[in-house]
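Working notes, beginning with the structure itself.
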């Protein structure tokens, strides 16, 4: 309760409120608030009392998507139009100013939206469609957008005149979504720019979106959407730029398990990277996910296991922060002109306020534009960027020993090491490039050697697997690789020529890698392969293979593998939506012996999690590729990223 404290809008500090992730009831009655800040980030808020204030606008309340009860009586500037706005924006709202509005709200979200969408579409077809030439310039698009938005708000009329302000507000929203689908324009989701954002950039930090289960809420523009199915073939990275979030609950998932020994159960199937919040978007590729490091007061902890349950995912134009237990999209960050390929966390000790040093989690994200964005997640603030490469960045990772050291691997066939610095209280920071590692082909996956992360880096590339010396006491800033690794080809001959699109350490010494030999994942010894006694750079080294894992015989690339070292697990998805899980705890002791020999028999998966029967618009989702699978450090949750814009979250039984 914060009532009767003479509070003004500026007193609601987002940095404080964003830490109240479990707050469910908030009383702000009898204060002097004229509006809500846009980024209070109270993801669990259910009841809000704002009676007797000076509120002028309600649209910022959309940041509280779980709100069920709302009262704002005796705010003299609010009208019936504002009541309709909150009914549309807050999908879970049941009580407004003490009255049950369930039926009316459903009418506003469905019937009203459907009618307005129909009228907006008809207005375009009749008056504007023929004005746009077949090949149009950006200037022409800008001009016609301005004219159309003005015309449609003036001419599209529906409902009583007392609701004309609400109707104009919805018509503008629907018209912008319509233009986004027809002309590929960005939707302006916020009525005013975020305070912390650079207004010159097309980006926004958003709280969780309203769950768009009503088709009418988004607008039915299906005839303007190209729904391209992903078919299993040699694929390139998808150029689509996607965005916002739908959620499908377990009840809707229609799950059918095909294995009896179930060690994990499906919790959530989230469609949270959709373009324009469209339920029709099943083509955005999701690429990377990393669990948030634990802080004393930060990342949400599982009540039983001392591990973070929040995970950052990226794909299309957005990055999402998801609570794995509840399936809630806690935060969302979007850059309209980007396609994100990789995310990485680090924890920096920063002085943000009161001259107090505190640990804060920072997220680095990168992709097609070759730019690294640095986000202070708790503050909902992208505080900087590094123009790291002129070509796309395939993957990024932080050093485990030096929290400001970030590696970026790019399509320019280089891996760069950056010191991102520590931002001051005004978020000023200085980034500098420390190293450039030259590769002979595009680096796809990178891994620092656990026993010497400041000395050696491994990279799986389009053409081979390489190792570099990254020690900073050497003067040479640009370095060639120190070793290239040979693996058996399909006829058993050793070759360096193969695509390595999966790479991770299972423990301090055992490397897991996936290359172009079908149906096979290799486990090999770093220390025995990389003989430190052999000096000189660009040596060709045969990988000392300990074992092979049986896997899919697909020739598809870029299906990533991952490991859970604490539990001796390896995970890898396939082209049929399945997740292959390998529990290798019975083998690791033998592999640590210098006399360990390569077994001719491939190790089968401990279990294969089958893709459940998911239905979208009555049709079953088929041809699902698993791009990535990642568990939290204790293997409580398993996050599965797909080629069809679905993030699946499983929980270990």
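Cβ coordinates come from backbone N, Cα and C, glycine included.
The stretch that TrEMBL tags with region 'Disordered', taken from the ranges 159-187, 188-216, 275-303, is 188-216. Per TrEMBL, the range carrying the annotation region 'Disordered' out of 77-107, 108-138, 232-262 is 232-262. Residues 237, 288, 341-348, 364-372, 374, 429, 431-448, 450, 453-454, 457, 459, 468, 470 of the same chain lie 6 or more positions beyond the ends of the repeat 'WD' (386-420) yet place their CB under 8 Å from a CB of it. Here the repeat 'WD' (386-420) has, by DSSP, the following mix of helix, strand and coil residues: 0 helix, 20 strand, 15 coil. Mean predicted confidence for the domain 'Leucine-rich repeat and WD repeat-containing protein 1 WD' (263-652): the pLDDT average there is 89.
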